[in-house]
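Notes to accompany the following structure.
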């Protein structure tokens, strides 16, 4: 009973939070501002929106190709088209139930390509580890490229160098103590964290055991470069954001990436996070909100349309299996 309630909450709470944030965004802006934001959205240059969506599709295809590089050492090489359909369907289901896509991917791979669930799921975990590392790398790049602006913003919010030094030092010491505790502790949570960290390390090391490791690395870099590019081209849909540089947009991209994990598909929170990041660089709230909504709507529609189509095609394409 407890597990059922917990599972329900994990599904309902993110959706509820997203709906609340949409309501908050709506009522925290004036009628005139809402009309102007809607005007920007309706008049967004569809050429650039189309380029963004096209890049998004390419990331899914690249991810499907990369998946086979993880499966090949295990003795499996699924059909590329099946991989694409499975991945698009997984992203589609994640919009409704958080993290359900990972289970669906492994299940579909087992059903249509004969890859044992455990092995298929293991490759998906490895993918997630690699993507987490890439996100951390992008965060570091953003901090390096926009150190002065971010530091100035933090000072405006009341942060001093001394306070940040204390926070940073405390964070490093806390991390060291946490790792030591995890290593020595036998408590359930610590053991789970230990397995997670070991999985991260194993995932990284597994790359160097691949036959096509350089192809895997190429596709990983391509996927994340395309993520940033599909975000970058949206700047041409709003007049006030056209002059933003790549380094500034990377900061907003990072904010959006964190928002995507907070609610299902970033519903409600994504435009708020992106708008807040763009505000650091002097973009007015209306334009920043419009940018965030255009980006979120275009990518969400892409996932819904292509994900739903993939969901229907997948069993038909494999009807003889």
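Cβ coordinates come from backbone N, Cα and C, glycine included.
Keep in mind that TrEMBL annotations are predicted by a computer and have not been checked by a curator.
Annotated in TrEMBL:
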- 12-28: transmembrane segment (TRANSMEM)
- 40-60: transmembrane segment (TRANSMEM)
- 80-97: transmembrane segment (TRANSMEM)
- 129-153: transmembrane segment (TRANSMEM)
- 159-182: transmembrane segment (TRANSMEM)
- 216-234: transmembrane segment (TRANSMEM)
- 246-262: transmembrane segment (TRANSMEM)
- 269-287: transmembrane segment (TRANSMEM)
- 293-317: transmembrane segment (TRANSMEM)
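Across the candidate stretches 40-60, 80-97, 129-153, the maximum count of CB pairs under 8 A to the transmembrane segment (293-317) is reached by 80-97.
Tertiary neighbourhood of the transmembrane segment (80-97): same-chain residues 11, 60-61, 63-65, 67-68, 104-105, 108-109, 112-113, 264-265, 267, 300, 303-304, 306-311, 313-314, 317-318, selected by CB-CB distance under 8 Å and a gap of 6+ residues from either end.
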